[in-house]
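Beneath this line is the structure, given in C-alpha cells, with notes to follow.
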Amino acid sequence: MAQQDTDQQHAGVLPVDDEGFVIDTGETEEREQAWRRAGTARPITVVGNPVLHKECKDVTEFGEELQQLVADMFASQHAAEGVGLAANQIGVDLKVFVYDCPDDEGARHTGVVCNPKLVELPTERRRLDDSNEGCLSVPTAYAPLARPDYAEVTGQDEKGNPVRVRGTGYFARCLQHETDHLYGYLYIDRLSKRERKDALRQMAENEPRYAVVPND
Ligand SMILES: [Zn+2]
C-alpha cells in the first residue's frame, strides 16, 4: 500500500523506489526503442565546436519540441553506439541528457534528465575508480580518468517532473560525464596536459565510425 501511495504521489514518467530515486531499469529496451524510432539520428559535434565549451541553457519548456529533441538524442546515441548523450553533442544549447548505460552489476539504465545537478557526496562515500573513459565528441580516443564510483543527480524528467537518479560503476561515470557536458566540460578537460594531448592525437589518427559535424 505504501508503495502504491508513493506511485500515485509521484506524477513522473518513471516509478520511484522508497528512497525517491527513479527506477530506470524496467522495460529499457522497449523505452529506448520507442524513443529512437520517433527520432532522427543527427551528426555528433566534436571537441572545438563552441557549443561543447560553454554552459547550456536551462530547459524551461517541456512541450513537443523537447520530446522531439529527446527522440533525436536517443536515435543519435544509438547510431553512434553511445551509452549517454548530451544535447550539445547534437548541437543543441539546452541542458538535457539521455542515457542507456549498464551499472557495475550489469543492470541496464535508460532515461532522460533535464537541468541536472550533481549531488555533492560526503567524503566517506567517495571511492575513486580510474577506469577508461571515452566520449562521442572525442571520437576513437580513450583515457583513464579517476571519478567517484557512485553518483547522484537531481533534475527533471522530459515532462518537467522532479527526478533523482543514482548509479554505480560505469553508470556513475556516465551521470558525471553527461552533467559535465551540459556545463561546458569534456572529460579531456579533466586530464593532465599530456594525457589530453594524447587523446587528441588518438582522435586525429583515427576515423570516427559515425557521422560528425566538421569544425570550421
Ligand atoms: Zn561525452
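Including glycine, each Cβ sits where the backbone N, Cα and C put it.
In TrEMBL, annotation is done automatically, which means it is predicted and not curated.
Since this is a predicted model, take the numbers as computed values, not measurements.
Taken from TrEMBL, the feature Fe cation binding site covers Cys135, His177, His181. Annotated active site per TrEMBL: Glu178, in sequence order.
Shown here: features listed in TrEMBL, placed on the structure.
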residue : record                 : CB count, 10 Å
Cys135  : Fe cation binding site : 26
His177  : Fe cation binding site : 26
Glu178  : active site            : 25
His181  : Fe cation binding site : 24
Rounded distance in angstrom between the Cα atoms of Cys135 (Fe cation binding site) and Glu178 (active site): 10
Other residues, Cβ within 8 Å of Cys135, His177, His181 Cβ centroid (Fe cation site): Gly84, Ala86, Gln89, Leu136, Ser137, Glu178, Asp180, Tyr185, Leu186, Tyr187
